[in-house]
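Taken verbatim from Swiss-Prot:
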| type | residues | note |
| --- | --- | --- |
| SIGNAL | 1-23 | signal peptide |
| REGION | 27-60 | region 'Disordered' |
| CARBOHYD | ASN65 | N-linked glycosylation site |
| DISULFID | CYS97-CYS396 | disulfide bond |
| DISULFID | CYS104-CYS179 | disulfide bond |
| CARBOHYD | ASN176 | N-linked glycosylation site |
| CARBOHYD | ASN227 | N-linked glycosylation site |
| CARBOHYD | ASN326 | N-linked glycosylation site |
Amino acid sequence: MASRLTPLTLLLLLLLAGDRVTSDMIVGPGNLQEGESEGDSQKGGILDGESIQGNEDSPTLPITNLTVVPATVTKPFSQPATEPVQSTIQPTAEPFCLAPVTSCSDSEIRSAEAVLGEALTDFSLRLYQDFSVLKKRETNFIFSPFSIASLLTQILLGAGGETRVSLEHLLSYPQNFSCVHHALRAFMSEGFTSFSQIFHSSDLTIKDTFAEASQRLYGSSPRPLGNDSTASLELINDWVAKKTNLRIRRLLDSLPEDTRLILLNAVALSAKWKIAFDKGRTSTKPFHLKSSAIKVPMMNSKKYPVASFTDRTLNRPGGRLQLSHNLSFVILVPQTVKHHLQDLEQALSTAVFKAVIKKLEMTKFHPTHLTMPRIKVQSSQDMLDYFDFIYDVNLCGLTEDPDVQVSGIRHQATLELTESGVDATAASVVSVARNLLLFEVQQPFLFLLWDQQHKFPVFMGRVYDPKG
C-alpha cells in the first residue's frame, strides 16, 4: 500500500427520466419490482421515519418505470353557464415556483452559513442512522453528507410546490432558505473540492434562469447529450474519472433509454495529516471483531497530538486528530473490546453527537500514545428509497416539461488513510508529557471528517474491517 493519504472522492449521481404525468400518479402492480408490494413503492426513509432496504450492490442504476393512470378531474364549483362569476379562490401567499436568488449580502451569507452548518450536522446524523440500520451488520460504509446535500440543494434552484417544501424539510433547512447556495459556496476550502455538472437530453429544454443560476452559484452550466448513447456514456464517465482523480473510473455501464436529465456531484479530499506518522513504526497488530480478531497494519506513535476524552453519556472514548486546511479526523470507539459499535450507534442522538463534537473542539491536544489502523473504505449505495420527495417531483424552475421524474440516485465513496502528512518532521518537536495519554483504535469505530471553521461533517462512516 502506498504510504500516503489519497484523496477521498465521492460521487452522487441523480438520474431523471421522462414518463407522462397527466394527473395524480398511480403505480400499477405490473410495474413494481419483483418482491415489492404496492404499498412499498411510496415509502421514503428519512422524512417519514420508515426505511426500505435498497440493493446497495447493484452495478447499474435502477430505473423505476411508472405506469400513470389519469385520474378523473372534477371542477371544485359548478356554476350555470349563463352566470359567470369571479373566482373565490385566493392566490397563495408566495409564487408556486420561486425564481432562484442569485444575490445575497455579506451579512445574509454569514447568517446562512451558521444555519447551514447546523442543518448539515442534523442531516448527517440522520443519514448515518439510516445507513447503520439498512446496511448489513458489521460492514464498512462511508458517505459525504456535504456531497449529497450539495446536489439536493442545487435541485432546490428549480424545485417548486411540495417538492421544494419536502427538500427543505429533508435537509433541515428553514423555509425559503434562499441564501443557502451562497453559503455552500463559502464552505469550499483548500482541504476539499466540490464539482457539479448537469447533463440533459437534447429534447429537454432547460430554463435560462436555472442555467444562469447554476453557472453563477455552482460553476457549471447544463450540457446537452447527443443522440449517440455510447458517446454520451463515455462523456459522463470521463467527467466522473477526471473529477475524482481516476478513483472512480467508470460509474455507469449503460444509459437507460428514458434518461433525460443527469445531475452529478463529486467531492475530492486533498487534506492530509497535519503531522505524519512514522512508517517505520507501523506494525501488524490485532483488530478485534465481535467474536474474532484479524491482523492489520497499525500506525503507531508514542507522542502524537490527540484531543481526547471519554463521554459520560456514551461511556465511550472520542478522539480528534488534526488534518491540514482546518479539518479534523474524529474517531468514536467503544470503550473496550467487550463493547460493540452497534451500542454506540444506538446511543448517539443528535444532542449527544453535538455535545461530543463541542467537547472535542474545546479539548486541547496532548502528546498521546496512539495506535490506529491504516484505513481503506469503499462504499456504494442506491439512494432512491431514502427520500420520499422523488415520487412526484415538481421541477418547474428547471424546465417547462412536466414529464420529468426521478428514476435513480447513486452515491459512491472511497477513503484510504495511511501514514503520509503535510509536515513529516513536525512530530519531532512534540514534547513527551510525564503522564502520557493512551488512545487505541483496535476495534470497529465510527469516524467523521469535521470542518472546524464552519462546524459540519464533510464525510462520515464506520469501519469494521480496515482492509476494506
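Cβ from N, Cα, C; glycine included.
CYS104 (disulfide bond) sits 13 Å from ASN176 (N-linked glycosylation site), taking the CA atoms of both as reference points. If you compare Cα positions, CYS179 (disulfide bond) sits closest to CYS97 out of the recorded positions CYS97, ASN227, ASN326, CYS396. Between the listed disulfide-bonded residues, namely CYS97, CYS396, the fewest other CB atoms within 10 angstroms of a CB are found at CYS97. Taking the disulfide-bonded residues CYS104, CYS179 in turn, the residue surrounded by the fewest other Cβ atoms inside 10 Å of its Cβ turns out to be CYS104.
The two recorded residues CYS396 (disulfide bond) and ASN176 (N-linked glycosylation site) have their Cα atoms spaced 16 Å from each other. Over all protein chains present, the Cβ of ASN326 (N-linked glycosylation site) has 16 other Cβ atoms lying within 10 Å.
If you compare Cα positions, ASN176 (N-linked glycosylation site) sits closest to CYS97 out of the recorded positions CYS97, ASN227, ASN326. Cα-Cα distance from CYS97 (disulfide bond) to ASN227 (N-linked glycosylation site): 31 Å (rounded to the nearest whole number).
Ranking the glycosylation sites ASN176, ASN227 by other CB atoms within 10 A of the CB puts ASN227 at the bottom. Across the fold, the C-alpha of ASN227 (N-linked glycosylation site) and the C-alpha of ASN326 (N-linked glycosylation site) stand 45 Å from each other.
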